[in-house]
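Everything below concerns the one structure shown next.
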Amino acid sequence: MAASAQVSVTFEDVAVTFTQEEWGQLDAAQRTLYQEVMLETCGLLMSLGCPLFKPELIYQLDHRQELWMATKDLSQSSYPGDNTKPKTTEPTFSHLALPEEVLLQEQLTQGASKNSQLGQSKDQDGPSEMQEVHLKIGIGPQRGKLLEKMSSERDGLGSDDGVCTKITQKQVSTEGDLYECDSHGPVTDALIREEKNSYKCEECGKVFKKNALLVQHERIHTQVKPYECTECGKTFSKSTHLLQHLIIHTGEKPYKCMECGKAFNRRSHLTRHQRIHSGEKPYKCSECGKAFTHRSTFVLHHRSHTGEKPFVCKECGKAFRDRPGFIRHYIIHTGEKPYECIECGKAFNRRSYLTWHQQIHTGVKPFECNECGKAFCESADLIQHYIIHTGEKPYKCMECGKAFNRRSHLKQHQRIHTGEKPYECSECGKAFTHCSTFVLHKRTHTGEKPYECKECGKAFSDRADLIRHFSIHTGEKPYECVECGKAFNRSSHLTRHQQIHTGEKPYECIQCGKAFCRSANLIRHSIIHTGEKPYECSECGKAFNRGSSLTHHQRIHTGRNPTIVTDVGRPFMTAQTSVNIQELLLGKEFLNITTEENLW
C-alpha cells in the first residue's frame, strides 16, 4: 500500500448509529466508551484538515446526550446489522480525502464462524443471529504516530498492530443485553483496569477515575495543547475545544432562541440567554440569599463573603477575585496601552477607558435620567446619579454613623478616621487622602493645564475651574438668593451672600473669640495674634501681614499714584481714607464679609 494513497470516506464509514431502542439497552460504560471514541475520531479527522461537520453532534457527544437522536437522520436502518444501504438525508462527512494508513476499515463478516460465513437466522424475517464486526487499523508510519497519541490518552484502548478487536452482536431482544463480548480483547481489559484503578496526578494529587481524564488534566501543568486550528493557529488541550472553536470561523449558529430569535453557536450560551426570558436564577447564595442567573457571577459573589482572592500579581503581590480584574491590573506593570483613539491618537490600557474617551469627540450621552433629564455617557453614572433623587444612602460609616450614597465616598470619608493618606507626591513628599486632590497637586509641579476655554483660550488645571470660568462668558447666574433675589454664578458666592441675611459667623478665633463668615478672613485675622508678616517688599525689605498691604506699599517705589478717582469733579480720596469712611458708614463687621478685591 503506497504511503500517499488517498481514498474517499463518507460519514457512514467511520460512524456507528443506533436506534432509540438499541441505545437504551447500552449500559453506562458502553455509552461512555462509544462517545469517547467518536469524539477522538472527530478530533483526529479535524486535525488532518477535514471540514467541520454538524456542531449539534459534537455538542451531544461532548455532553453525553442521547446519540441515537443525533444520528437518526443519517440512516433509515433499524439496527446496525441491517444489510440495506443506509439512506443519508444530510451527510456530515462528504468525501473526506484521508491517507489510507489512518483509515478505520469496517469489515462486516458474512458468517457466524471466524471463517466469515454468513450465519443463518432461525427467524428469516429478522436480522441474522450472529454478525461479527471487525475494526481493523491499517499499518503505516502515520498510523503509528496517531495510534501512539491516542493510546497515551486512553491507556491502551486502541488495538495492537494486526490485532482485531472482535465484538459479537446478538439478536436484539428487549429481554437481554444488546452486546456480548465473547473474549477479553484489549478494549475489555482496558475497561476492567479503569473500573478497578484510580489515576492520581503527581503534580497536585488530584485523583481521577479514568486515565483519559488524568491525561487531559495533566495538560494544565504541562501546558501541552496538541490540537491546533488550521484557520488561525490557536491551540487547545482538548479536541472538543477545537471543534467548538472552529464554529467561530464557520459563523454557524445552530442554537436559536424561540422567544426572540437570537442565535448562538453553543447550546450552553442559548441556555443562559433563555434565563433572561424565564427570569430563572438557579444559583442562590446561602449567605445572603441573593440569586444569580449565571454560575460565574455567583462564584464571584460568593468570594465577597469568603474574601477569597485566588489571582495574585507576581509583581506587587496584589490579589484579585476574578481573572479579568487581574489581567487589567497587570497592564499597569507592563505599561501596555493597546487601545488607541483614532481621532487624537491617545492610548489607553483598558477598552472601557477608550470608550469613555471617544464620547468626548462624539458628544454622545445615551443614558438619560427620567427625573431631571440629565444625560450620561455610562449607565453606571446614571445609576449613581439616580440615588440623588431617591435620597438613598446605603453606605454607612461604622465610626460616626454618617451615610453616603456611594461606596467610594464612604471609603474617602473613612480616611478621616484612619488618617490614611495613600497618595504621596514624589516631588515634594506631600501626601493626600484623595486621588483627585493628588492629581491636581501634581499639576502645580508640571504646570499642566489641560482644560482650555474655547472662548478666550484661558487654561485651567482643574475641570471645575473651567466650568466656573465659562459662566463668565455665558453670563449665566443660576444661583439665586431666596431672600433678596440676587443671583450669582457660583454656589460659593451665594453661600457667602446668604450669611448677610442669617448673620451666621461659623469661623471663630480661638485667641480672642472674634467670629467670621469666611475661613479666609479668620486666617488673615489670626496673623495679628501670631505677629507673622509673610509678605516682604523686595525693594526695602519691609514686611506686611497681608498681600494687599504689600501691594499698596509697593506703589511708593514704583511712583504710581495710590489714589483712585471716585467721580469727575470730586476731590481725590486715598484708599485708606475710603476704608475709614466705609468703616464709619457700614461698620467693621461688614468689611469682614467682603473680599479685598471689592475694596480696591
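Each residue, glycine too, has its Cβ placed from N, Cα and C.
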*Look up zinc finger in Swiss-Prot and report which of 15-37, 199-221 it refers to.*
199-221
*Using DSSP, how many residues in the zinc finger (507-529) fall into helix, strand and coil?*
11 helix, 4 strand, 8 coil
*Would you mind giving the whole-number mean pLDDT across the zinc finger (479-501)?*
88
